[in-house]
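Per Swiss-Prot, the features are:
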type	residues	note
ACT_SITE	E135	active site, proton donor
DISULFID	C47-C340	disulfide bond
DISULFID	C211-C227	disulfide bond
DISULFID	C365-C376	disulfide bond
DISULFID	C370-C427	disulfide bond
DISULFID	C429-C438	disulfide bond
CARBOHYD	N74	N-linked glycosylation site
CARBOHYD	N103	N-linked glycosylation site
CARBOHYD	N357	N-linked glycosylation site
CARBOHYD	N390	N-linked glycosylation site
CARBOHYD	N448	N-linked glycosylation site
LIPID	N448	GPI-anchor amidated asparagine
SIGNAL	1-20	signal peptide
Amino acid sequence: MRAGLGPIITLALVLEVAWAGELKPTAPPIFTGRPFVVAWNVPTQECAPRHKVPLDLRAFDVKATPNEGFFNQNITTFYYDRLGLYPRFDAAGTSVHGGVPQNGSLCAHLPMLKESVERYIQTQEPGGLAVIDWEEWRPVWVRNWQEKDVYRQSSRQLVASRHPDWPSDRVMKQAQYEFEFAARQFMLNTLRYVKAVRPQHLWGFYLFPDCYNHDYVQNWESYTGRCPDVEVARNDQLAWLWAESTALFPSVYLDETLASSVHSRNFVSFRVREALRVAHTHHANHALPVYVFTRPTYTRGLTGLSQVDLISTIGESAALGSAGVIFWGDSEDASSMETCQYLKNYLTQLLVPYIVNVSWATQYCSWTQCHGHGRCVRRNPSANTFLHLNASSFRLVPGHTPSEPQLRPEGQLSEADLNYLQKHFRCQCYLGWGGEQCQRNYKGAAGNASRAWAGSHLTSLLGLVAVALTWTL
């Protein structure tokens, strides 16, 4: 049944009211202490030694690679083969570790997690970002479409094999129940276990939450970027996941179809807004930090994002109040001298100047509007306002030695700049601070909240034994 106009309007009103209300405090920045972190997680480590093309990445707060063989990084990605016994079907359709989650063994999976985590994150300190990248199936049954339908088919077959006399509708309902229950147990208890092993890290699943707003392909002329109402409701079905996560990692990879169009900003904006909505909804006293995955290039080929699309991705994410962006890439980005040279030129000419601009603009806004105890968030999420350094007030100057910043701003905020920030942005305070400009110190209360937050990591293991004992092998 198609949703009517009434529910859509109601949802829109709820979202606007939620945005207009007081922002919950969030975790303080990690790594550099900046309100907006920019991370480079692209496997370009071979550009210098193999292809003789060194890349200057000093402007990034974090440098890491998602490739195998690298440990103790500030950002760690756990793919399906790096964390326990993730049930899935491979590309040939062969069942691996049971295929569907209800056919997997949580009893065998959980004990392997400690070894997996300690292999890639070898020390407790310092904290970092830990991203679980499990994309083979989705925990909401109806979202397993197209090539993921194999998980629904297999689930139905398992039920039908046990109950050959059941009608198809009963088989389907039971299959959905068993799949969603098992998927929840696998994801939930994995999160609980790994948080207990490395409690200083911020843990979450890549691409959660998703917005499913890719309908620009079919509806280019009428495309708005809004998340379908039904998908927002389905995200709320995952309240158990958001309650256990300590960070959210949505993705805003741009297809070249969207290049430099008004749709690119709408596509990104509503995906980030949905993540921020989820971040504020499922914890009573704090909001989860949101780190947005993006790419330095469009999803097909090696064409760097245009200036317009850098604003639509990095700039939009910063203005909406995300904690940072993570640039991800694959081995093709550094597969030859030509690709490395292209990235080198792109970094120097376009990407680095822009991220330095935005990073410092968010920092200045935090200092002047939030006493350095919070990050600036756009008052109107739909407004065409950004955290950019005013070219009339600042210029970027290069460092002259490797120990100096790659680029740094020179200048100061004008009265007009300060008025602009005050008019268009408000503060989201870090835990321990409150007030309109984060001027009130609540660190005693925040300490209790932080201990409760961290304590949930340590106590979560208590429930795992019971789950494991009742798991159907």
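Using the three backbone atoms N, Cα and C, a Cβ is placed for every residue, glycine included.
Annotated features taken from Swiss-Prot, shown on the structure.
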{"residue": "N103", "record": "N-linked glycosylation site", "DSSP class": "helix"}
{"residue": "E135", "record": "active site, proton donor", "DSSP class": "coil"}
{"residue": "C227", "record": "disulfide bond", "DSSP class": "coil"}
{"residue": "C340", "record": "disulfide bond", "DSSP class": "helix"}
{"residue": "C365", "record": "disulfide bond", "DSSP class": "helix"}
{"residue": "C370", "record": "disulfide bond", "DSSP class": "helix"}
{"residue": "N390", "record": "N-linked glycosylation site", "DSSP class": "coil"}
{"residue": "C427", "record": "disulfide bond", "DSSP class": "strand"}
{"residue": "C438", "record": "disulfide bond", "DSSP class": "coil"}
What is the total of other Cβ atoms whose distance to the Cβ of N74 (N-linked glycosylation site) is within 10 Å?
18
In three-state terms from DSSP, label C211 (disulfide bond) for me.
coil
Expressed in Å to no decimal places, the gap between the Cα atoms of N390 (N-linked glycosylation site) and N357 (N-linked glycosylation site) is 9
Three states by DSSP: which one describes N74 (N-linked glycosylation site)?
coil
Return the member of E135, C211, C227, C429 nearest to C376 (disulfide bond) in space, with distance defined Cα to Cα and candidates limited to these recorded positions.
C429
Please report the distance from the Cα of N103 (N-linked glycosylation site) to the Cα of C340 (disulfide bond), rounded to the nearest angstrom.
44
Would you please pick out, from the disulfide-bonded residues C47, C365, C370, C376, C429, the one with the fewest other Cβ atoms within 10 Å of its Cβ?
C47
Spatial neighbours of C429 (disulfide bond) among the recorded positions C47, N74, C211, C340, C370, using Cα within 10 Å, are C370
Closest of the recorded positions to the residue listed as 'active site, proton donor', Cα to Cα, picking from C47, C227, N357, C370?
C227
N103, N357, N390: which of these glycosylation sites has the highest Cβ count within 10 Å of its own Cβ?
N357
